């Protein structure tokens with residue numbers, strides 16, 4: 001059993017005392033609708049940009065999760081006034097005039113990449129930043145390197161290239177830097193969010209391809225909505241950000257498309273029907289490209305003006321290979337439902353997910369193998385063969401990884417007796433995940 005980092009769990013984690021969950025197959029056809037929580041990606045971007053602005057911004061539909069909790073707590077320690085009232089969050093930005101402080105960022109990858117540049121724009125101040133055990137194993141050097149080129153003073157406190165670290169406020173001079181997005185697009189977004197506060201324009205020359213490049217567009221669109229002046233080509237080879245401070249805004253945040261995919265997969269897997277009440281296909285969140293994957297597997301998808309609906313089929317179709325590079329957070333979702341297809345499914349171009357909260361390729365291969373499913377693991381993906389998963393004697397480990405937990409839970413809606421350790425890890429992005437499953441008729445036992 002893999003121990004989780006309890007310090008990274010926030011008060012917004014609802015399953016603090018729950019060690020395992022057991023899921024049970026549906027007794028009847030799934031036919032329901034849900035309202036999804038807000039987007040984690042948009043929430044943390046909007047919180048930090050609002051804090052960088054001067055005066056009051058309002059966010060509606062903010063996600064309340066571990067990652068957003070640590071973002072809010074860090075911003076408060078920096079002197080930002082934030083008030084969360086139900087679905088509405090007000091932020092009084094201070095233009096980057098941060099208080100010196102020691103900060104803890106939990107396991108929040110977005111916060112780890114976005115906050116660093118925001119601190120670097122300050123003309124004075126000192127900060128030490130600690131991260132969770134898992135986040136401290138994920139490299140930050142690509143972003144630190146370009147921030148140093150632009151004038152930032154950053155020192156690693158233990159291991160070179162990883163959290164924890166300290167930063168001294170020098171401001172950013174501006175200029176041209178080269179940055180790769182092949183490991184994570186968040187390095188690029190982290191620099192972009194800070195760039196309007198540099199002394200001169202910041203030009204980013206992107207080296208190679210960008211994994212999940214749509215998230216960079218998401219960052220750019222949000223920056224522009226807060227008044228940033230940005231120029232870029234559609235291939236994102238060169239991005240220029242001009243010195244223009246953000247202006248306060250009132251923003252309605254979309255629902256989380258990544259979370260949506262688990263519920264769409266649930267309907268696909270159980271020959272059910274589900275309607276997502278607060279998400280449309282017009283979203284720029286890349287994970288919703290999974291809709292075309294579900295259609296490829298035989299499902300019927302309705303893209304409404306205010307909803308998305310999916311209806312499953314009695315036999316999912318397999319027998320294909322697919323690059324999941326642009327929606328790599330859903331590689332595990334597809335792997336989890338792949339055993340129930342009528343042919344093998346090969347997932348490629350996701351080597352970078354080996355460096356997330358867990359080595360996701362290795363972990364999902366291990367779990368499926370334990371369940372009796374044949375898998376072939378390779379450097380940038382895996383092939384999953386059809387089969388009937390069989391419950392294991394001991395609970396499956398979730399490896400303190402929310403995407404592992406949510407993906408494996410789908411199998412539990414088809415196979416009796418599947419148990420998962422540490423279900424509370426879902427609070428990183430969707431604290432209410434298991435409650436939403438129960439709302440849809442899935443029986444969940446908490447132990």
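Think of each number as a place in line: the chain as shown, counted from 1.
Cβ coordinates are placed from backbone N, Cα and C, and glycine is handled just like the others.
The Cβ of residue 360 (phosphoenolpyruvate binding site) has 25 neighbouring Cβ atoms from other residues within 10 Å, across all protein chains displayed. The phosphoenolpyruvate binding site annotation in Swiss-Prot covers 40, 109, 138, 186, 360, 403, 428.
Within the same chain, the residues at least 6 positions away from residue 184 (3-phosphoshikimate binding site) whose Cβ sits under 8 Å from its Cβ are 109, 113, 142, 211, 352, 355, listed in sequence order. For 40, 41, 45, 184, 185, 186, 329, 356, the entry in Swiss-Prot reads 3-phosphoshikimate binding site, with the evidence type sequence analysis.
Non-local contacts of residue 329 (3-phosphoshikimate binding site) by the CB criterion (under 8 A, 6+ apart in sequence, same chain) comprise 212, 258, 287, 353, 403. For 329, the entry in Swiss-Prot reads active site, proton acceptor, with the evidence type sequence analysis.
Between the C-alpha atoms of residue 360 (phosphoenolpyruvate binding site) and residue 41 (3-phosphoshikimate binding site), the distance comes to 19 Å. Within 10 Å of the C-beta of residue 109 (phosphoenolpyruvate binding site) there are 22 other C-beta atoms, taking all protein chains into account. Each residue contributes its Cα atom, and for residue 428 (phosphoenolpyruvate binding site) and residue 185 (3-phosphoshikimate binding site) those atoms are 19 Å apart. Across the structure, residue 356 (3-phosphoshikimate binding site) and residue 186 (phosphoenolpyruvate binding site) are spaced 12 Å apart at their Cα atoms.
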